[in-house]
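Asker: Sharing a structure, written as structure tokens. Questions coming.
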Amino acid sequence: MSKRSDGSQPRTIVDKVWDAHVVRAETPDAPAILYIDLHLVHEVTSPQAFTVLRERGLKLRRPERTLATMDHSIPTLPRGADGRWPFVDAQAAAQVSQMERNCADFGVELHGLGDDAQGVVHVFGPEMGATQPGMTVVCGDSHTATHGAFGALAFGIGTSEVGHVLASQCLLQRRPRTLAVRVDGELGPGLSAKDLILAIIAKLGVGGGTGHVIEYLGPAVRALSMEGRMTLCNMSIEAGARAGLVAPDDTTFEWLAGRPRAPKGAAWDEAVARWRALPSDDGATYDRELRLDAAALEPMITFGTNPGQGIAVTGLVPDPVAERDASARATLEAALRYMGLVPGKPIAGQKVDVVFIGSCTNGRIEDMREAARVLKGRKVRTRTLVVPGSHRVKKDAEAEGIDRIVREAGAEWREPGCSMCIAMNGDNLQAGQYCVSTSNRNFEGRQGPGGRTLLASPLTAAAAAVTGAVADPRRVLEGR
């Protein structure tokens, strides 16, 4: 590694953000104490942590660095005529009321049901301008890596760690290794960030990023919008990575400017100057590197029961017989057995029962627009739920007429929430049903007991909606 002109060693963005937040250095016997800039909380993983604070007589260490919303267990149907929300069960209603009480008692800013800013936590946080370059961000949710799209070091934590951050604003963490994923070329028509990340996970495998933070680099990544970068980083955990990020640039700054929690005036100029120093230095080294050519990719879809089991929509369902490793062969056999798919058969044409467009992976305005491109002037042939990721997304989409396109196509236009991504809120599959979903996990039963999930982009999901089967969105858009 060559030194920079000032004599210092070149550093990656991960090094820079990590080093700036170490309160106590890591030793062989103890992890580092890492300061946390932003703590996002929701109604499912926070109640126990607040209970611990009460039991121990502790206050919230930094209320101004804690931000709350509701998303997992809330209904995506509107209030009834009686003014009540149609919760799926008493537990869901209790989680919401407990969240309201906890935030009131501890002075946490909450954007709950009925609030114009409420949304899925990883859509809501960036929209508020709370997520900013160079930050450390945590949340009691697996897909916190979404916020890495802004050049933040963002990762999910468990409920006990939620309590640690509430009480101390710090966490015990071991320094992660770094993995550079460089994507050359340009994505072709009909492809998006979702296709790119599914291709990356298929290449790495679901454990390929274990112990690492992924930095996404290259012209194909730079060409992505902020919505696309959030999709990319969101699924880093599905490759086993601790987090994923993209260095900030003008695209980042333009997206953040003017948002509620973003700096204003001279403070904004000072912040941007700091943020411009965050990208990895020339000559910085990574523990590992992976390279892909975006131009070689096709629209992707999963066929199995983990996000690494993905193929092009033009491809064939893999045959376990071709798998040399016995363990991998057994895993593939089990996945195909659960999914009810035939090896060697084209995935295109596979009948679909439900389509879900939404989630923290693909519930943003760009995703709504992409789905509307396919739905416009067509009719769905299967049940289709379109769920905006936040009230802001919903409002913007309705201003553009996207809700009318969705309804005229025969699809359902819902209220913001996690919805069918996690199936704990009344939106779920029945046993044996196939769903093309824009969410992030296709585990057994993820969308309901016995449900079969095929992960795809909004374009591919919408193509499945109007054809009733897995289809190449490029052909649908071309009218073929």
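Cβ coordinates are placed from backbone N, Cα and C, and glycine is handled just like the others.
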Asker: Using only what Swiss-Prot says about [4Fe-4S] cluster binding by Cys418, Cys421, identify which of Cys360, Cys435 is listed for that site too.
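Answerer: For [4Fe-4S] cluster, Swiss-Prot names Cys418, Cys421; of Cys360, Cys435, the listed one is Cys360.
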Asker: Who sits close to Cys421 ([4Fe-4S] cluster binding site): which same-chain residues at least 6 apart have their Cβ under 8 Å from its Cβ?
Answerer: Phe356, Gly358, Ser359, Cys360, Thr361, Ser437, Ser439, Asn440, Arg441, Arg446, Gln447
Asker: What are the non-local neighbours of Cys418 ([4Fe-4S] cluster binding site), defined as same-chain residues 6+ apart in sequence with CB under 8 A from its CB?
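Answerer: Set apart from Cys418 ([4Fe-4S] cluster binding site) by at least 6 residues yet with Cβ under 8 Å, we have Asp71, His72, Ile74, Val120, Ser359, Cys360, Met424, Asn425.
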Asker: For the [4Fe-4S] cluster site given as Cys360, Cys418, Cys421, which other residues of the same chain have their Cβ within 8 Å of the site's Cβ centre?
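Answerer: Here the nearby residues are Asp71, His72, Val120, His122, His143, Gly358, Ser359, Thr361, Gly363, Gly389, Gly417, Ser419, Ile422, Ser439, Asn440.
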Asker: Once the chains shown are all counted, how many other Cβ atoms turn up within 10 Å of the Cβ of Cys360 ([4Fe-4S] cluster binding site)?
Answerer: 29
Asker: Under DSSP, is Cys418 ([4Fe-4S] cluster binding site) part of a helix or a strand, or is it coil?
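Answerer: In the DSSP reduction, Cys418 ([4Fe-4S] cluster binding site) maps to coil.
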